[in-house]
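Enquirer: Sharing a structure below in structure tokens format, with a few things to ask.
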Amino acid sequence: MDYKFIVFNAARDNNLAQLKATLYNKSSVEVGSLISAKVNGATPLVISCRNGHYDIVEYLLTKCRANVEQVGSVSFDGEPIEDAPPLWCAAAAGHLGIVKMLVRRGANVNSTTRTNSTPLRAACFDGHYEIVKYLVHHGADFEVANRHGHTCLMIACYKGHFRIAQYLLSLNADVNRCSVKGNTALHDCAESGSLQILQLLLKHGATMDVDYYGMTPLLAASVTGHMPIVEHLITLPCVSRESRIHALELLGATYVDRKRDMAAALNLWRRALEERAVEPPLEKKVQEPVPAYEMVREVTSVEELEEMVLDPDEMRMQALVIRQRILGPTHPDTSYYIRFRGAHYADAGRFDRCIELWSYALTMQQKILQPLSPMTQSSLLSFAELFSFMLVEAGRLLPRGRVVPPIEPDSMLTIFYKAVKEVERGLAFTLEQQKDQQHPQKQLPAADKSPSCSASSSASSSSSTTLLSAHQHDCNHDPNALSRTMISAIHIGCLLSSLLDTDALSPEMRRQVMGALYRLNRLKVRVRFDRTALHYACYREGTLAGRYPSCQFPSVTLAKALLEVGADPNAIDEAGNTPLHLATMQPYVEPLSHILLEGGAHLDTKNYAGETFESLLAPTPMHKIIDPMKYTTLACLAARTIKKHDIRYEGTVPATLYEFIELH
């Protein structure tokens, strides 16, 4: 019987009697081992602190001498928290009695989780005011920030906890401190919408600083649609005329897209135009018309604005144009709302407009953002899902009488080119990063390493360079970004390959598809479990959009196309599996094994578990599916004989054959 599960479950479920009975008559060594053992990443003490079981915690600390600083993994609001100390768990969950007990037992009030979150920050997050006061009184440092540079004051402001913010400010918490990405408590407050806390911060000397995205708190409030905060901030003497105008224009765009309040948007834009017309007039910066926006130009007069009232679609395009002018093409919200509008078009059955807008956003992302940006990855995944839907649902009647149109192969090919390009960019970027890690350059000057928090009236002048820095910080810490991008590219390639043997592709387009697959295959990028594109094509769990049958793996057409452009049928993954192994580890798809074998796959290759194609087929006899003699070479027979009889071959055969022999 494994007692650690009994002990853990008793602690988790507040079953003190069970816990005592299980540990009764156990030696101190056994008790120590059981109460420090982890189940699902957590110890009995950690889970009992998380769940608020006072008596269990007291028993573990006093009778069992549990280490008050042991850490574990717990979940809050569905998010896993790694390396959380007991005090952090109790503070986050709001269990004041347990917090006091732990502190009395010597718990470090400034202990941190893996992300450098302190118990005090955890209490600030969910508004546990009494715990905040208790921890500060016992030495908790309210200026310790998490790994993102986010302080206790910032999170209290973001979550709208007025009393905690007021208390921290009374202790002289740094009101203008910046996070890693340059935002301050005033930014967090503007984004969350608490006017009361905003006024409190301003009273304590908060300034209108600019973050790494080029955003002031005023623009942050406009983007999130908090009109009371915008109205308050534009009355401040430190806010320039241009900043007031930009805030009203951007807030109007938010009311169009986020709140769907056209009347309020028109009123805000009218106020902005009237402000521009005041002497001396402040004209808008002329923007080149964008085809994806249907060549819409920004209105420059109240008369033009009134004419737009009867055309909601033009108002929606106007919102996109305004947002791109003010925030710049690099801001996440610029791309987000382009894609948001495209999704609405798709819901209305206007798939051509959706593809046009999404393509524009993707082009913009690849032109400006760093390779493997999360936004670019998201765009590619969205295209894969959209194309899957359109291929499967073509001809289906939608609401409002529209029909899902057949997909245009050239649209899909254009996006596939962009996906392959992103993998190429990502691979070059990853290799460059690896080189930099091996040969680190000299440190950047301090001014380049930390955000500059200086007051500014507008985001437009600095947004491009600062946002690129922010995205570099994001991508540098995501080792799986290249793999995810490759998977999206494989998925779109799979959709295209399903059209290769149909009349949907002209000979020239087929040549282009195969050329793009060749470019993708020659990169030799590996995905999860060190698998190639061909591995992925042969394995059921590769499916991204499982709702649509044409997108499901294994894909015979994709495997065939990849073999045609030179994919290695004998490449092995981290478990020694070839594509042929994976093709057999599922409900068997007979044509796939024939295609792989015809493409040069070795019939008798063993994976690291000693499994072959034949053993994985069992109990089905192999000869009922294929002709083994047809796919067994003399070289394979020789290699198998060498391995079977454990014949020493080093120095006897060429070194180039060693790997081949070991595969058998």
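Cβ atoms here come from the backbone N, Cα and C positions, even for glycine.
Just lifted these from Swiss-Prot, have a look:
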{"type": "REPEAT", "residues": "40-70", "note": "repeat 'ANK 1'"}
{"type": "REPEAT", "residues": "82-111", "note": "repeat 'ANK 2'"}
{"type": "REPEAT", "residues": "115-144", "note": "repeat 'ANK 3'"}
{"type": "REPEAT", "residues": "148-177", "note": "repeat 'ANK 4'"}
{"type": "REPEAT", "residues": "181-210", "note": "repeat 'ANK 5'"}
{"type": "REPEAT", "residues": "213-242", "note": "repeat 'ANK 6'"}
{"type": "REPEAT", "residues": "245-279", "note": "repeat 'TPR 1'"}
{"type": "REPEAT", "residues": "335-368", "note": "repeat 'TPR 2'"}
{"type": "REGION", "residues": "433-460", "note": "region 'Disordered'"}
{"type": "COMPBIAS", "residues": "450-460", "note": "compositional bias 'Low complexity'"}
{"type": "REPEAT", "residues": "529-571", "note": "repeat 'ANK 7'"}
{"type": "REPEAT", "residues": "575-605", "note": "repeat 'ANK 8'"}
Enquirer: May I ask for the residues of the chain that lie six or more residues beyond the repeat 'TPR 1' (245-279) and have a Cβ under 8 Å from a Cβ within it?
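Expert: For the repeat 'TPR 1' (245-279), the sequence-distant neighbours (Cβ-Cβ under 8 Å, at least 6 residues beyond its ends) are 218-219, 221-225, 227, 230, 233-234, 299-302, 305, 308-309, 312, 315-316, 318-320, 322-323, 326-327, 337, 340-341, 458-460.
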Enquirer: Within the repeat 'ANK 5' (181-210), count helix residues (DSSP H, G, I), strand residues (E, B) and coil residues, in that order.
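Expert: Per-class counts: 17 helix, 1 strand, 12 coil.
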Enquirer: Report the DSSP secondary-structure composition of the repeat 'ANK 3' (115-144) as helix, strand and coil residue counts.
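Expert: The composition, in the requested order, is 16 helix, 0 strand, 14 coil.
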Enquirer: Mind checking which residues reach the repeat 'ANK 3' (115-144)? Cβ under 8 Å, same chain, six or more beyond either end.
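Expert: For the repeat 'ANK 3' (115-144), the far contacts come to 81-82, 85, 87-88, 90-92, 94, 96, 99-100, 103, 109, 150-153, 155-156, 159, 161, 163-164, 167-168, 171, 173-174, 177.
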Enquirer: Within the repeat 'ANK 6' (213-242), how many residues are helix, strand or coil going by DSSP?
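Expert: Across the repeat 'ANK 6' (213-242), the residues distribute as 17 helix, 0 strand, 13 coil.
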Enquirer: Check the repeat 'ANK 2' (82-111) for me and report the mean pLDDT.
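Expert: Overall, the repeat 'ANK 2' (82-111) comes to a mean pLDDT of 98.
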